[in-house]
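Annotated features, as they stand in Swiss-Prot:
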REGION    1-26  region 'Disordered'
MOD_RES   S25  phosphoserine
MOD_RES   S26  phosphoserine
ACT_SITE  D167  active site, proton acceptor
MOD_RES   T201  phosphothreonine
MOD_RES   S260  phosphoserine
MOD_RES   S326  phosphoserine
REGION    336-360  region 'Disordered'
MOD_RES   S340  phosphoserine
DOMAIN    404-482  domain 'POLO box 1'
Amino acid sequence: MAQVAGKKLTVAPEAGKPPGIPGSSSSVKEIPEILVDPRTRRRYLRGRFLGKGGFAKCYEITDLESREVFAGKIVPKTMLLKPHQKDKMTMEIAIQRSLDHRHVVGFHGFFEDNDFVYVVLELCRRRSLLELHKRRKAVTEPEARYYLKQTILGCQYLHSNRVIHRDLKLGNLFLNDEMEVKIGDFGLATKVEYDGERKKTLCGTPNYIAPEVLGKKGHSFEVDIWSIGCIMYTLLVGKPPFETSCLKETYMRIKKNEYSVPKHINPMATALIQKMLRSEPTSRPTIDDLLNDEFFTTGYIPSRLPTTCLTVPPRFSIAPSTIDQSLRKPLTAINKGQDSPLVEKQSVPAKEEEMQQPESTEPADCYLSEMLQQLTCVNAVKPSERAVIRQEEAEDPASVPIFWVSKWVDYSDKYGLGYQLCDNSVGVLFNDSTRLIMYNDGDSLQYIERNNSESYLNVRSYPAALTKKITLLKYFRNYMSEHLLKAGANITPREGDELARLPFLRTWFRTRSAIILHLSNGTVQINFFQDHTKIILCPLMAAVSYIDEKREFHTYKLSLIQEFGCCKELASRLRYARTMVEKLQSSKSGVAHVKASA
């Protein structure tokens with residue numbers, strides 16, 4: 001039997017099945033609601049489904065005594081019948097339980113019953129850099145430094161403990177509520193037993209595979225440096241360096257070292273990427289060299305980032321005075337995809353922050369074309385008419401939206417539409433197509449002109465011209481606070497901070513049966529009047545969240561709805577959504593209120 005530090009993983013063959021044949025999905029037992037560690041007698045309540053990957057399903061689990069919340073990775077033993085499967089799981093647990101570092105996912109124990117192995121891990125509520133990448137594409141340079149520095153510190157710790165991760169990628173770099181990076185998923189990790197050992201085998205296919213692994217020449221710590229190079233490239237450029245639509249072609253490019261860094265990338269960043277992506281492993285920098293590179297030593301690294309960065313770029317205060325003027329350019333915030341540069345208004349006090357427009361990467365229609373295509377595909381297969389519907393298989397909690405509208409009030413006959421986002425910030429889209437947002441601290445303000453230029457101020461200091469709008473904003477805020485029930489807002493977002501920027505309401509309209517709201521980060525929300533159900537569509541995650549009559553919140557990948565089907569109620573709302581997105585698309589960009597009667 002495989003052992004983990006003196007403890008056996010006991011896996012018995014299923015009744016009526018010879019050893020080594022995993023059970024079919026229908027024979028997999030139900031995961032219990034209360035998980036009991038037989039050794040410590042600790043009891044955990046299984047809560048929200050967090051996602052699945054490989055053999056495992058992940059749930060939020062709560063220690064019933066301490067009320068601490070963890071992530072529970074649950075693996076059916078029917079998936080661990082073959083010796084290599086068992087050994088892989090044993091190695092993963094043995095490595096992870098030996099680690100303890102701020103930037104490595106915390107290990108809090110493991111146990112088993114007759115049907116499952118349970119691994120108790122630190123909960124990272126903000127998912128991973130993969131979801132951030134899907135929503136944001138390229139991030140700002142200070143953000144890239146922030147995420148990379150923490151990844152490097154975590155990897156430095158691994159290497160000092162003779163552990164090679166071997167699968168560093170965006171999806172394995174998790175984020176907690178404080179937006180701190182935690183390296184996770186040690187399924188492909190290995191321990192170096194002696195100096196100079198070169199590993200020859202690697203089960204599975206890492207995302208950012210190094211050329212020496214492809215060449216089966218033997219590999220060591222340098223594979224993690226290669227992966228960090230790929231991660232850095234992806235964060236700054238918005239796509240991986242060797243990515244093609246064909247795996248064979250991608251591997252060919254890796255072997256030939258065929259990639260190019262776009263000209264707009266900072267030369268210091270380009271130089272560091274090129275060092276990490278050298279074909280010869282011994283020519284790459286070591287993990288200890290990386291943070292001494294000038295990309296990190298001469299560039300601004302924020303001490304923390306707001307959770308708003310998960311979906312919109314932050315705003316950066318002008319960098320500390322010790323930093324060279326030429327390095328200040330990438331530090332200002334951005335509102336990508338708009339026609340006009342973001343400039344500081346002369347009429348606004350000097351406290352406001354200077355804004356700058358980077359290269360636009362977002363489409364002018366804020367991803368409505370992509371959303372229309374996604375809805376057309378899902379509706380074409382008639383997902384509610386499948387012989388067998390397994391809607392729960394289409395669930396993807398990692399795609400939960402960061403922001404949605406939790407309250408709204410229509411005063412457009414006089415002033416505009418007031419709304420509250422799920423983080424308790426409040427905005428008004430005025431009839432003159434300007435927007436004003438008050439952050440959840442009740443003090444910070446974001447003002448967006450008709451041409452989409454942004455200004456930042458606060459309720460204590462603002463130009464006289466905004467007095468009426470700020471008074472109206474406060475009126476809307478008080479009205480919604482006193483009279484309206486909050487929609488689906490049981491997910492508690494973290495306090496914003498001085499770098500936060502919020503998405504704003506771009507366009508809206510009402511029909512006889514619903515209100516349609518389009519946010520500047522691409523999200524489209526439809527609230528149905530009759531039954532108070534809601535759908536929230538995200539084109540970047542290609543996902544839909546459905547808040548049903550019971551106010552239960554579920555998020556599904558549209559491609560998985562195509563595959564597994566969905567209930568009639570959701571299918572009819574997706575059909576309606578397609579018509580509404582067409583209407584949004586046909587309206588003029590920047591028009592605050594679209595006339596609609598459907």
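Glycine residues also receive a Cβ, built from the backbone N, Cα and C atoms like all the rest.
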Whole-number Å distance between the CA of T201 (phosphothreonine) and the CA of S260 (phosphoserine)? 30
Can you grab the distance from D167 (active site, proton acceptor) over to S260 (phosphoserine)? Cα atoms, rounded to a whole Å. 23
Cβ neighbours of D167 (active site, proton acceptor) where a neighbour is any other Cβ within 10 Å: 23
Using a 10 Å radius around its CB, how many other CB atoms surround S260 (phosphoserine)? 8
On average, what pLDDT score does this prediction assign to the domain 'POLO box 1' (404-482)? 93
For the domain 'POLO box 1' (404-482), what does DSSP give as the number of helix, strand and coil residues? 19 helix, 33 strand, 27 coil
Helix, strand or coil at the residue listed as 'active site, proton acceptor' [DSSP, three-state]: coil
